[in-house]
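First up is the structure itself, then whatever we jot down about it.
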């Protein structure tokens, strides 16, 4: 049968053929003599004799032999060339020696077996055969050097799979497990027969192992089927190893139990290896990764493939209960909400618990959370939770912080100037609190104390307290203090260098008094006045005048409580005066002014006396006393007039 070109696969064999160090040499003639009986049987056409092929001569047909049997080509050849036939028979009976080639092939690829002997110059033909399990030879391919023909024997399992090249290399497409056998290359010359045995090994890599039928969950203290690891279609068979977190699992009686099973597909000869694992987990096996690995032999030696890891849910009973307070803050204050969460360390965790609340005689059944809203200080205490059966209890203590502030008096308070006002700011809190005072948006250094109220004491007072350890817990209360008083007036004057006089009316009182200026006699109202800012119940109003004659100015201050009037005499004489500082003590300022006037008058009198004495001495010497006396008298009269003007009553 003519071979077809190899188009089955482009893959190369995993490894080249291996050759031993010796092979069979000459000596086929001696062996052929031992097989003479087989040759004679072939000539006689006895049953059981092997059929041989021969080349047909051109122009000669093949005639049937007696008994209905066709003469084989080998028998016909033996009729004319007995020596060749003997050599052929010897080759049929020969068994391979120690020299072997080994060809490793991949399942499904093409097996390539070279005839490594080399082609002799006097080669007549070459043949390939394989040996069955009982060492019987089966010829599969023949090639003649003379006619350049290739013939393939009608062997069903190799039909359409063989290809024999000119150098007698035999190729077998689509390698199967059944191809794993011993093949022999025979080269026949006129006087000898050469054999080259080749052993074919076929390998099939298994599929990636996978864990099938995994358990839904595992339970501690229970031996349970974890799953099965399966590796399909391998050759030769492989072995399976189990791993946990990358470490090999060793069999332990009652804890780790493994069962290995191998099944051969009768049609393909491939192995399917399955390993089942029974496992008793512990709590530490939660989130553990289990995997299996198949170890097999390939053309290049031992290899292995791992499965994808699998994590199993390990269930175990609750051994501990924990209660926690869920809060965004570290502390709890009045008005906050409290969320309690109870949890158990079992798997699966408990879904319901009993919560024990201060003031409640029995536990409250709830899910794993319990919420209390707008808590008060009486919620401070110990909270507990337990399993439904009351076992495995845990507790925690909750402190609800509070802060109370009491200000006496508070709100708007009206008092009269000079009165006393006791102020008290009392604090009650769950922790030590910080207290401070603020007046008119300015923090005070000390607490306010009013033994004699002044206008400057009026304002908005805030008593504020905070708990530093509790975020957002602070309180404040406000006192608005109003200090009232009747108008009080003090008048001062200043004389300028340009004969002008500035009269100032200093006013105190609350509510703010209205100020009006008038002149004595005419009673006319002076509208050209200037006022300073009203601060702490005080302000001033002033006028500037240049009197031609002595006048009396009246300052009138009036509020809801009273009307106050004060007057001042202003002289027309322009005597330079010291600018008086501002003040509120009228008697002190009047005395200073009187002292100033008295001083001026005394000075003038002393000056007049000195001048009079000098003048008297002069007159006495010059004996003209009348003239100087008149001058002295004139000075005395002028001084008296000035003294009278300065001693007019002033307020």
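Along the chain as shown, residues are numbered 1 onward.
Positions of Cβ are set from backbone N, Cα and C atoms, glycine also.
Automatic, uncurated: that is what TrEMBL annotation is.
Here TrEMBL flags 1-29 (among others) as region 'Disordered'.
Per TrEMBL, the feature compositional bias 'Polar residues' maps to 1-12.
Feature annotation from TrEMBL assigns region 'Disordered' to 42-73 (among others).
Annotated domain 'Ig-like' per TrEMBL: 197-306 (among others), in sequence order. For the domain 'Ig-like' (197-306), the mean pLDDT of the prediction comes to 94.
Annotation source TrEMBL lists domain 'Ig-like' at 317-399 (among others).
According to TrEMBL, the feature domain 'Ig-like' maps to 418-480 (among others).
The domain 'Ig-like' annotation in TrEMBL covers 487-566 (among others). Each residue in the domain 'Ig-like' (487-566) gets a DSSP state, and the totals come to 0 helix, 50 strand, 30 coil.
Per TrEMBL, the feature transmembrane segment maps to 596-618.
Look at TrEMBL and you will find 626-651 (among others) tagged as region 'Disordered'.
Annotation source TrEMBL lists compositional bias 'Basic and acidic residues' at 637-651.
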The domain 'Ig-like' (418-480) - residue tally per DSSP class, helix then strand then coil: 3 helix, 31 strand, 29 coil
Candidate ranges 197-306, 317-399, 418-480 - greatest C-beta contact count to the domain 'Ig-like' (487-566) (under 8 angstroms): 418-480
Composition by DSSP (helix, strand, coil) of residues within the domain 'Ig-like' (197-306): 3 helix, 68 strand, 39 coil
Number of helical, extended and coil residues in the domain 'Ig-like' (317-399), per DSSP: 3 helix, 38 strand, 42 coil
